[in-house]
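Database features (Swiss-Prot):
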type     : residues : note
ACT_SITE : 7        : active site
BINDING  : 7, 141   : Mg(2+) 1 binding site
ACT_SITE : 69       : active site
BINDING  : 69       : Mg(2+) 2 binding site
ACT_SITE : 141      : active site
């Protein structure tokens, strides 16, 4: 299974692709989609660059699902709104490519990757490098995106284990043994 992680941002959006092979994670690709070269006031054009960039990543790496960071509330409400629009452009690109999208907070990602929800960017970069056996530190935005893909891989494993452990087994439940058959 191939998972695409997206760390949305209006100026720089990170992406990271991870291949899940049983309990093993393999690095596929990572990078950034930048709008820093564009005129600041041209929001629609920047959102289009993000949308097109995410669609291009999806077409190139063919992920099975995606994981996106949930927007945090910022001190500056205008910045939060702009980030929300960037996130919306990224999610729209993913769902228009028929991908299932999971969402995680930065705290959830940091806890899954570094073991501590308030880990710094450098700690996330170090752990992503170690978990994926990378030769060098990934960039901050790419590391966050890879961290989101790793988080979803771990969450998927946990969900499968829980489902298997709690699945009803025919003729094995206490109510069946007590003579209650439905």
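Here the Cβ of each residue, glycine as well, is placed from N, Cα and C on the backbone.
Where Swiss-Prot records a feature, it is marked here on the structure.
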| residue | record | CB count, 10 Å |
| --- | --- | --- |
| 7 | active site | 26 |
| 69 | active site | 26 |
| 141 | Mg(2+) 1 binding site | 24 |
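Cα of residue 7 (active site) to Cα of residue 69 (active site): a distance of 6 Å. Residue 69 (active site) and residue 141 (Mg(2+) 1 binding site) are 11 Å apart (CA-CA, integer value).
DSSP classifies residue 69 (active site) as strand under the three-state reduction.
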